[in-house]
Every structure is written in C-alpha cells, then in structure tokens.
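One structure is given here, and the rest of the page talks about it.
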C-alpha cells in the first residue's frame, strides 16, 4: 500500500491505497472550514497550526486501520506543489519523518495532477488521454492529460478563480464562507430562474482561451451596493442566481471554444467547485452536443483529499519516481507546463 498525505491548503487528509488494484483502503480527512469562516477565507498561519494538530491525529487513525503493521506500506506520497507554503511544509515534514523512520521511498505529487486522478480513485485503469476542467477555490484550468508524465495547462484564469469568485460574492452578501454551497443554495431557491441574465458573461467577445471573473465580480458588487437599503432574501437569491448562471455560462463558453478546435473524446471535471450541480448539468449538455464522454469526480473526492494523491502516486511508484529526502522540497506554484 501507499500512504498518501494532503495538506496543500485547509484540508488535512491521509489515505491508504492498495498497489495491486488501486483500491482505496482507508481515507481520513479533517476540514478547517469552520475555523476560517469568520475570516471570510483561509488564513495561512492558522491553517498551518491546524495541520500540525490534525495530521498526527489522522496518522493515529491510519495506525488503527493497519493494526499498527506498517510493513504493508511500500511508499509515502505527499503533495508538494502547488499550495500554501506554510501548509505544504507541514505535510512534507510528516512525510519525511515517516520515510526516514520506516525506510520507505518518498513520492512527491503535484496537487493538480492529483485532482485529475480523482477521476480514477478505486479504478486500476485510467481513460487517458482526456481533457479536464479543474475548478476550485484556487484554480480555473483546462488541462490536457495524455498520461501521468504529460499533463499540461491549456487555459487558466487571468484573475480570480471560479471558486474564489463564489467566496467573494457570498462575502458581499454577508453570508459567510465557503461561498460555493451558499451561493448555489441562493440560486436554487430563486423563484424566477428563466429571466435573462442581469450580469455580463466575461470575455464573450474575446478570442482568447482563458477565464476571468473579476469583471463579473465587480458587476455583482455594483448591484449589491445599489440594493444595499433593501438587500433582503429575495434580492440575495436573485443576485446569487444570476451570478452563478453567468459564471457557469462563462465556463461553458470558453470550454465550447476549446471543444471546437480540439474535439476531445473524453472530458473530465474535477476540483472542489465541481460539486456544483448546475455546473454538472450544464457540462452534461455541452458534452452531449459534442458527442464527448463526460467523466466526473465523485462528490466526496472533489475537494482536496489524500485519496487522489494516493491514486496518482501509484503511477509514480510503478515508474520508481522516488525522491531522496535531501531533495524533497515544496513549491507554491505548479511545475506542470503550459502549452505554447
């Protein structure tokens, strides 16, 4: 088995993945959302301290799963990029300590690659090559995944990410953090869902294959300020619905542009924000229109988790892509390459 560790942001997670058949044997996770909610977003120093507390607790649960028999573990895998430096280092320190004390090889995994492999948790075979939309609080990307060693970025955000824009809109409406499920609930509760969009869809007339949410976010801010004296539940629902609709339409618009040139046969959607049901439905329709197979990460593995890191590290284990402890470092940025 491979013991995998994830600590790139505000989720502490450990998992055990069986090497021979890619089955997830154990998966434990502690979310920090309640600790960061009063700040309206993740506080790096607080996240780091909580990882220092939570990772050892999760390791104890792993020990119980193993009946304290660590001989079953053949390698340690750790997310080392991208993410918050102060949280990545917490996971890396644990991984190094385990690697040294158990005399096991160390595997460094890219967090974005891990999200791609969230599509294949509990599956020995992958469906690569495929294209992937990754939407989360930190990223809005289209990736082309040819195989484990060839995953490249073909489109990214010029400013805010998809998930981050939901957090900021929720904060404007004084509704808390994380904003994804809050704004989604507003949209679901809105009673006039067939109205024309009140907010502009970003980059509608731009030829660039990219994402941008800052203009949409600013349009929401102006609407909130205009309605400040009467920002009741119905107004918030209307704003939430129209914002979400415009944000998803932007993703669809840009992905359609990509589809017209690349014509992928398989398209995946991953990342924490991919839990949004309206987004999933919109992409079902898009993929149907282009005769493209849609694959979705299971809802429980959309947000950051060690199970996806364990699954991706199986490929590294088979290829013996191990890293000496003295060369094991972190990076706040991904080293996945962008296509020219």
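Residue 1 is the first one shown; counting continues down the chain.
Backbone N, Cα and C define each Cβ position, glycine as well.
Feature annotations, reproduced from Swiss-Prot:
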BINDING   111, 115, 304  Fe cation binding site
BINDING   134, 135, 136, 137, 138, 167, 180, 276  substrate binding site
Can you give me the Cα-Cα distance between residue 136 (substrate binding site) and residue 304 (Fe cation binding site) in Å, rounded to a whole number?
9
Rank aside, I only need the closest one: which of the binding-site residues 111, 115, 304 has its C-alpha nearest to that of residue 180 (substrate binding site)?
304
Fe cation site shell beyond 111, 115, 304, criterion: Cβ within 8 Å of Cβ centroid:
6, 8, 79, 112, 114, 118, 136, 271, 305, 308, 309
Using DSSP with the three-state reduction, classify residue 137 (substrate binding site) as helix, strand or coil.
coil
Just to verify: the residue among 167, 304 with the fewest other Cβ atoms within 10 Å, which of the binding-site residues is it?
167
Between residue 276 (substrate binding site) and residue 304 (Fe cation binding site), how many Å separate their Cα atoms?
15
